[in-house]
Amino acid sequence: MDTGFIIEKFILVAVIFGISLVIAMYSTYAERKVAAYLQDRLGPDRAGPFGILQPLADGLKMFMKEEIIPTTSNKWLFIAGPGLALLCACIGTAVIPWGSPMLIGGKVVPLQVSDINVGVLYIFGVVSLGVYGVMIGGWASNNKYSLLSAIRAASQNISYEIAMGLSIIALLLMTNTLSLKTIVEQQHGWHWNVLYQPLGFLIFMVCSFAETNRAPFDLPECETELIGGYHTEYSSMKLGFYLFSEYINMFVSSAVMATLYFGGYNYPGMDYMATLLGPTWAPLFGTAILFAKIFFFIFFFMWVRWTIPRFRYDQLMNLGWKGLIPLAIANIIITGVVIAIIEKF
Amino acid sequence: MESLSNKKKVLEQKPLSFMERMYLPAIAKGMGITISHLFKKEATIRYPEVEREFSANFRGMHSLKRDENGKERCTACGLCALSCPAEAITMIAAERKPEEKDLYREEKYAATYEINMLRCIFCGLCEEACPKEAIYLDGPIVPADYLRKDFIYGKDKLVEAPLEMKK
């Protein structure tokens, strides 16, 4: 553990943290623009050219607003809630391989903060922790709507985590590893896992919509029933943290989907590009490809949000428990049988 | 009961078929519709910079007209004030002096002429009542303001610009 290693990792962490915050910031802008264009409108276009300064204006507004903490709330938990939500959203980026190892000044630097051998489990753990931010916030508000919404969010996340975990197991049967770095390396070129696990990907994607509390599974924020949902009592930047963590979650889910199923930084013709660009620039090009995939998924999240109406709560539970979980189990069985047959012959 | 209009339809509530329960075909169809709107022209008009065109018979702010020699047409007969259902118009008449011959067409003219734009309902009855073709509602939208008194428009805002200024 030398100083160079620590500095290298520190820079990487800072860069990834910065990028994910900027992406989350501009996701709010992109969301409004996408919504507008899908509805034949213009969207924000007053702050700066094309309205690109809109996120800054929104952030400033959030900071300047009066901060209200209800007197009957549990003050410490009330403050801890949004912090926890944002923290859990951010630390998921630590295990995602952002690119193949890169040559900088005669030193090979892996573009991944830490390659732990249980990377997939880590992601799941962090995603599961995310619900605590919502739960604690809703509970500490001492408001029946917040509490109901927090309970909804918790039960929804738990239900869909099961299907998500099961859909991943079929993938793990094929990869034989939990390390995200190895999983990505196995998808070299165009051997993307989505080609072998289309059903698994579909289940994983639907579940990640539910995990990020995005439409059509945005029941925790159901205005007509629950006012603002779990952040009814929040104002100022605490509210901003909750909204922000949703967008960071979206970014992380997109990154995980791109990494697990869409080949991460791999793309067809990458060997040719590697000889063309050299060991310094080829990994960066791969990173750009990964971000292109991530941006597509973020756009997809928004596209779905502005198309599909919200599920009813019993429909949500039906879909989760009676639809996705049996499908995921069937997927595991089929994958297992096929792998056994291939290994036998 | 027998339907008289014969428009009644009995709603069939069939359980969803397998394809419908999968949601995916319907979702794909819906997403196709929304993405097609991405390439359509937006309906928004960027208001302060661009204004929507009014129709030919749009009734906006009033203007008091001048005749071909640049004299004010209004003779302060009061028919517009009388016809106004909202009682928005008031005026004070005065007699024209000999040296003011170039300013007013008739021997009697309106010394003050006020329209309360908060009362006005833009019905256009004043326009119809006027025997001298002196008032028309052919202006733009009456702008917003902060104080009630600023909505009482006098001759300074209502009378058309003099001829030489127009050129």
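Backbone N, Cα and C define each Cβ position, glycine as well.
Residues or ranges marked as transmembrane segment in TrEMBL: A:6-26 (among others).
Residues or ranges marked as transmembrane segment in TrEMBL: A:76-99 (among others).
Long-range Cβ contacts of the transmembrane segment (A:119-141) within its own chain (Cβ-Cβ under 8 Å, at least 6 residues beyond either end) map to 70, 73-78, 80-89, 91-92, 94-95, 147, 149-151, 153-154, 157-158, 161, 164-165, 168, 172, 178-181, 183, 211, 213, 220, 230-234, 242, 245, 249, 256, 260. Residues or ranges marked as transmembrane segment in TrEMBL: A:119-141 (among others).
Taken from TrEMBL, the feature transmembrane segment covers A:162-184 (among others).
Here TrEMBL flags A:190-210 (among others) as transmembrane segment.
Outside the transmembrane segment (A:239-262) by six or more residues, the chain places 20-21, 23-25, 27-28, 31, 59, 62-63, 81-83, 85-86, 88-90, 92-93, 96-97, 120, 123, 127, 130, 133-134, 137, 168, 171, 180, 183-184, 192-194, 197, 200-201, 204-205, 208, 211-214, 230-231, 290, 293-295, 297-298, 301 with a CB less than 8 A from a CB of the stretch. Positions annotated as transmembrane segment by TrEMBL: A:239-262 (among others).
The feature transmembrane segment is assigned by TrEMBL to A:282-304 (among others).
Tertiary proximity for the transmembrane segment (A:324-342) is limited to same-chain residues at least six positions away from its ends with a CB under 8 Å from its CB atoms, namely 160, 162-163, 166-167, 169-170, 173-174, 197, 199-200, 203, 206-207. The feature transmembrane segment is assigned by TrEMBL to A:324-342 (among others).
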